[in-house]
Amino acid sequence: MNPESFAAGERLVSPAYVRQGCEARRTHEHLIRLLLEQGKCPEDGWDESTLELFLHELAIMDSNNFLGNCGVGEREGRVASALVARRHYRFIHGIGRSGDISAVQPKAAGSSLLNKIANSLVLDIIKMAGVHSVTNCFVVPMATGMSLTLCFLTLRHKRPKAKYIIWPRIDQKSCFKSMITAGFEPVVIENVLEGDELRTDLKAVEAKIQELGSDNVLCVHSTTSCFAPRVPDRLEELAVICASYGVPHIVNNAYGLQSSKCMHLIQQGARVGRIDAFVQSLDKNFMVPVGGAIIAGFNDSFIQEISKMYPGRASASPSLDVLITLLSLGSNGYKKLLKERKEMFSYLSIQLKKLAEAYDERLLHTPHNPISLAMTLKTLDEHRDKAVTQLGSMLFTRQVSGARVVPLGAVQTVSGYAFRGFMSHTNDYPCAYLNAASAIGMKTQDVDLFIKRLDKCFKIVRKEQNRESDGSGVDNDKTEDVVIEEMGLKLENVSLDKFEDSSS
């Protein structure tokens, strides 16, 4: 209510009570004013009443919520279902205009404000997470793979002769298909094995640029967040190579925003060489529904070019989701989540190492990977070819999601390209292994339950191996778990795609 409304209310209720209510509202309005003035994530999270007041104030600035609005166009924010309208807090017009996703929409001042504030808060969080020199970013309503495609398509106009993208191999379908969809030819650079880790072959990258000619190379497409035993690419060295040859550099930072190590690599790469843009997922880093990503960079004009490449208006849902989340958490709440994630990584590492040793396996030594871990499955692989995939099947049927069992020798064709040893990021990794990751939001109880179920599955597989090796035949004292396995819940009857993590 405005001051006149409060004054009118004093004729109905004690003025002292009305003034008290007025002061309470001013407290909410003060938080909103600070947000609009500073454009930064508040240190402490907002309560739901402040958030709802803010969203309501923005929504009634959109033309579809005007009292007496007369819309005679084809896109007037009409919604058939009241439930759908409430789900979107009555933000119906989306963001941007037909020529620019970042442009202000005349019919939707509130939605435009929402978009600008969301981008500003995300930029603040990226700086807080370690990339201090980032100059611009925007939320795009597409997941990471399509957002990478948008970056490549923008570079096409700057490098019309280029048709190749140099890509240090990372066995994840969407980042590979992002290059194909953009109409470019990926040049796969195999990784090199250093100890247990798979690392960037810098000599091969540079040699390929020289072989193809720098004008024919659209960019180098590197990766930070990845599954062990692959580790983040050597971004600093790649950035130096890109700068020296005048080749753009796009970084797939899918779930790397939650890792200080990944963010440090990006910051250092931009400091010593060239990084044109880095792309990260909203759902993996901010715990919101799938459907959005952040495109960020160090050259303001280039990031604006990418936003203008997006055709048409766009959904405001990803911007709304991340805005609500960050205002609810505050920067202190998000910092706490990042700290807890690091603690969970250490805890998962300790517990997984203990379990591995109990079964004569070992935790692979991958110190350069700050999120993902891997333990060998040599004892299973040596006894029976199907034992490794059986373990994956058993984990899946026991509702363990995210863990990946990677057998030896898998061959997968992606968009016409055949990958040997697919999911292991190399043609011939020395052993089969199991992946697990510590991502933002993970709790101690998640780790404990995973270790408990993994231990149980190992016991069952070992028991099956022993029965087959000693020729004892059918075990009359089958456990319930063995019965479940024999009811047809086998990996060989399930596509490997079901066990492939969808991150990119």
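Here the Cβ of each residue, glycine as well, is placed from N, Cα and C on the backbone.
Listed in TrEMBL for this protein:
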type	residues	note
BINDING	Arg75	pyridoxal 5'-phosphate binding site
BINDING	Arg97, Ser98, Gln105, Arg313	substrate binding site
BINDING	Arg271, Arg398, Lys463	tRNA binding site
MOD_RES	Lys284	N6-(pyridoxal phosphate)lysine
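Feature map: annotations from TrEMBL on the structure.
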residue: Arg75; record: pyridoxal 5'-phosphate binding site; Cβ contacts under 8 Å, 6 or more apart: His93
residue: Arg97; record: substrate binding site; Cβ contacts under 8 Å, 6 or more apart: Ala103, Val104, Gln105, Arg313
residue: Ser98; record: substrate binding site; Cβ contacts under 8 Å, 6 or more apart: Pro311, Gly312, Arg313
residue: Arg271; record: tRNA binding site; Cβ contacts under 8 Å, 6 or more apart: Ser133
residue: Arg398; record: tRNA binding site; Cβ contacts under 8 Å, 6 or more apart: Arg453, Lys456, Cys457
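Sparsest Cβ environment among the recorded positions Lys284, Arg313, Lys463 (other Cβ atoms counted within 10 Å): Lys463. For the pair formed by Lys463 (tRNA binding site) and Lys284 (N6-(pyridoxal phosphate)lysine), distance between Cα atoms is given as 37 Å, rounded to the nearest Å. Note: the substrate site is recorded as Arg97, Ser98, Gln105, Arg313; in the same chain, Gly94, Ile95, Gly96, Gly99, Asp100, Ile101, Ala103, Gly312 also have Cβ atoms within 8 Å of that site's Cβ centroid. Its Cβ taken as reference, Gln105 (substrate binding site) is surrounded by 19 other Cβ atoms within 10 Å in the chains shown.
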